[in-house]
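Undergrad: The Fe cation binding site annotation in TrEMBL covers HIS100, HIS138. The annotation Zn(2+) binding site is assigned in TrEMBL to CYS106, CYS109, CYS146, CYS149.
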Amino acid sequence: MKFKRGDELKQKLERFREQFKEHKMTPQRRVVLQALLENSESHLSAEEVYALAKEIDSEIGLATIYRTLDLLEELNIVHKLHFGDGRSRYELCHVSSEHHHHHLVCLNCNQILEVKEDLLHQLETVIEKEHGFHIIDHRVQFYGYCAQCDKTKSNT
Ligand SMILES: [Zn+2]
Ligand SMILES: [Zn+2]
Ligand SMILES: [Zn+2]
């Protein structure tokens, strides 16, 4: 059975209702979630979320976007990410059992790529052993040049 785009979105939004706890799913919050859901592969800054949200609801203000993103972060619905360019970026959290992917940040085109595999279990084991530190999670960002930028660079 095929869902119409609107139905699918509705279902996805429904999923967040529980996570909202005592907070209301206001129309503005819904718009912010919709913008994030429709761009779940990107790592959006608050300004970018604002631009997308405005297309859905032209009345929405930037202050509302900031407040909503803060709330969504508090409710563990979005992750706030920092890639060293002075801008916070946001992405929807994945299902909690899923490992949080790692990020590759291109210093030339600012593109952010994702690495789904987790290759760090061994490193964690070494750290746990040497420092007696019980690791439950990690966040990793690699900085460098994406394949495309690297190619252009070596050609010049
Ligand atoms: Zn690049
Ligand atoms: Zn990501
Ligand atoms: Zn990992």
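Positions of Cβ are set from backbone N, Cα and C atoms, glycine also.
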Undergrad: What residues, ordered by sequence, lie under 8 A Cβ-to-Cβ from HIS138 (Fe cation binding site) and sit at least six positions away in the same chain?
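TA: Result: LEU120, GLU124.
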Undergrad: Going through the binding-site residues HIS100, HIS138, CYS149 in sequence order, which have a CB under 6 Å from an atom of ligand 1?
TA: CYS149
Undergrad: How many Å lie between the Cα of CYS106 (Zn(2+) binding site) and the Cα of HIS100 (Fe cation binding site)?
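TA: So the Cα of HIS100 (Fe cation binding site) lies 19 Å away from that of CYS106 (Zn(2+) binding site).
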Undergrad: Where the criterion is a Cβ under 6 Å from an atom of ligand 2, which of the binding-site residues HIS100, CYS106, CYS109, HIS138, CYS146 meet it?
TA: none
Undergrad: Around the recorded Zn(2+) site, report the further residues of that chain (criterion: Cβ within 8 Å of the mean position of the Cβ atoms of CYS106, CYS109, CYS146, CYS149; site residues excluded), sequence-ordered.
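TA: Once CYS106, CYS109, CYS146, CYS149 are set aside, the remaining close residues are LEU107, ASN108, ASN110, GLN111, TYR145, ALA147, GLN148, ASP150.
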Undergrad: Roughly how many Å lie between the Cα atoms of CYS109 (Zn(2+) binding site) and HIS100 (Fe cation binding site), rounded to a whole value?
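TA: Cα-Cα, rounded: 23 Å.
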Undergrad: Other than its own, how many Cβ atoms are within 10 Å of the Cβ belonging to CYS149 (Zn(2+) binding site)?
TA: 16
